[in-house]
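Beneath this line is the structure, given in structure tokens, with notes to follow.
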Amino acid sequence: MTWRATVLTLFPEMFPGPLGISLAGKALAARLWALDIRDIRNSATDRHRSVDDTPAGGGPGMVLRADVLARAIDAAETPPGAPLLLMSPRGRPLTQSRVAELAAGPGPLIVCGRFEGVDQRIIDARGLDEISIGDYVLSGGEIAAMALIDACVRLLPGVMGKAESGEDESFSHGLLEYPQYTRPQEFEGRVIPDILLSGDHAKVAGWRRAEAEALTQERRPDLWAARATQNPPERKTNG
């Protein structure tokens with residue numbers, strides 16, 4: 001079964017966007033994955049194609065209606081077990097491990113929020129899993145959905161040149177990725193570390209590991225702390 005991303009949006013013209021170029025675009029053209037874009041307004045029932053209304057209890061902005069989204073979700077042709085996601089700044093953070101889970105499945109249905117948000121009743125009624133790509137607010141969920149889809153597509157079989165490419169990247173082992181270098185050997189007085197040119201694969205691997213650990217401790221102490229919790233040091237015993 002081909003991995004398929006189904007996207008519900010008020011702006012279908014935004015897609016495929018960046019998903020139509022580079023790795024994701026080539027894989028899409030090669031039918032290694034599929035993209036199904038659905039206009040939420042097609043599920044509206046009035047002549048104005050209304051999809052939102054004012055917030056109950058008052059307040060600024062508009063809220064996407066539960067009944068319209070329910071029709072859009074129910075009309076989507078998603079395989080059994082497909083995750084139902086809502087891109088939302090209040091959702092659980094998207095992690096590389098979650099991306100790997102999504103890439104291993106049939107592909108998600110993704111609701112792209114707009115305005116002030118989505119009626120909570122559709123989230124509860126359809127069991128939408130709210131996903132966030134960061135602690136900031138975008139104009140809508142489309143860009144966030146593209147980021148999620150791109151992260152998943154890269155992990156699909158046949159998309160990247162080498163299977164191990166995805167295994168050495170940032171977050172794959174709870175660490176940020178080590179520094180990368182290529183020719184020329186010297187650039188503005190800065191040279192490639194000698195160990196990377198030594199041909200000693202064990203030493204290269206050790207250097208990369210040490211650099212990844214140092215970067216993670218410096219830039220993402222939260223990741224380092226979580227890693228330490230998940231992988232506590234082994235206790236030495238006398239014997």
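Glycine too: its Cβ is placed from the backbone N, Cα and C atoms.
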Range annotated as region 'Disordered' - as stated in Swiss-Prot, picked from 42-63, 218-239: 218-239
Binding-site annotation, Swiss-Prot, S-adenosyl-L-methionine: partner of ILE133, GLY134, ASP135, TYR136, VAL137, LEU138 in GLY107, GLY113, GLY161: GLY113
Mapped DSSP class for GLY113 (S-adenosyl-L-methionine binding site), helix or strand or coil: coil
Which listed residue (ILE133, LEU138) has most other Cβ within 10 Å, given these are binding-site residues: ILE133
Long-range Cβ environment of VAL137 (S-adenosyl-L-methionine binding site), under 8 Å and at least 6 residues apart: PRO89
Sequence-distant neighbours of GLY134 (S-adenosyl-L-methionine binding site) in its chain (C-beta under 8 A, six or more apart): PRO89, PRO93
